[in-house]
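Chemist: For reference, the structure I am asking about is given below.
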Amino acid sequence: MEEEKLTSEKEIYDITVIGGGPVGLFTAFYAGLRGISVKVIESLSELGGQPAILYPEKVIYDIPAFPAITGADLVDNLIEQLERFKDKTTICLKEEVKTFEKENAIFTITTNKGNHFSKAIIIACGNGAFAPRRLGLDDEERYADHNLFYNVHKLDQFAGKKVVICGGGDSAVDWANALDKIAESVTLVHRRDAFRAHEHSVEVLKTSHVNIMTPYVPLELKGEGDEATSLVIQKVKSEETKELSLDSLIVSFGFSTSNKNLKSWNIDYKRSSINVSPLFETSQTGVFAIGDAAEYEGKIDLIATGFGEAPTAVNQAIKYIYPERDNRVVHSTSLIK
């Protein structure tokens, strides 16, 4: 699968999937399994969504048939699975969908790079675009991506280093526990005494070698050139300060998400989720929504849930596009020889 280069040619795809995260990738695979052409439009520079960007090294335990799998491995497997249908699949990266409109049964999908054309659309963009919450300190941007990080792609890059982590949620605690095994030292800074993480993870943290600094908040970054060398922290409701020497700083304050373009998509939505029927139809005929982007009674936001929704959405889209076809579902064991 190669990234598409937009041309003036109006190539019309059967289904366009908005979102290249795990659910979007599996949707594209299942569409290929049904023998139709599919395009995936992803706003980021790589496929995989949150597991690839936010927690590639973290282990996921609730994916069927995988007792444990990292975010990166899950994404790699989904991309490998999709490779089977690379001749009928087009990937478009770094494209944000602004609007889409239907005329004569064909959707024109407008992105920041141009127009795409499709007979049906499946929205699988999760909670939308996401960006890290920052420290809000002077010189933060100067150190970002040098030795100040908002997510961890590879644990090995911190081996033998003095690491300071800011945050008190699941990610911060998980990174602290994981890095405790390979870093020279790990210091975890949180503004409250209690952590907002799973109880078991907190218990592991308390028995680790991690230096826990609570309740403290970041006050000042110090550095040389493009690298931070220390973080000054201040105790909450106190004038007391401490300066923490560091080789690497991880800011784990979570990420803010935005589905700001929903308003221009001409579909019914509530807050940042799209209202769907039991068949994952939106208020606009020919447009479907699944995964975290979709909202219905009893919805559970899990990757596994989105995987289960994908075949239904694809099959309904095919019925919409080709109502004259025999659309009985056939098992993959009969479709792939």
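Glycine is no exception: its Cβ is also placed from the backbone N, Cα and C atoms.
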Chemist: Swiss-Prot records GLU42, GLN50, TYR55, VAL97, ASP292, THR333 as FAD-binding residues. Which of PHE130, PHE149, PHE253 is assigned to the same site?
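Modeler: It is PHE130, as the record lists it for that site.
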Chemist: Where does GLN50 (FAD binding site) sit in DSSP terms: helix, strand, or coil?
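Modeler: Helix, per DSSP.
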Chemist: With every protein chain in view, how many other Cβ atoms are within 10 Å of the Cβ of THR333 (FAD binding site)?
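Modeler: Cβ-Cβ neighbours of THR333 (FAD binding site) within 10 Å number 7.
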Chemist: For GLN50 (FAD binding site), just count the other CB atoms lying within 10 A of its CB, please.
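Modeler: Other Cβ atoms found within 10 Å: 20.
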Chemist: What number of additional C-beta atoms lies within 10 angstroms of the C-beta atom of GLU42 (FAD binding site)?
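Modeler: Within a 10 Å radius of the Cβ of GLU42 (FAD binding site) lie 25 other Cβ atoms.
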Chemist: Given the binding-site residues TYR55, PHE130, and counting only Cβ atoms in the protein chains shown, which has the most within 10 Å of its Cβ?
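Modeler: In terms of Cβ crowding, the pick is TYR55.
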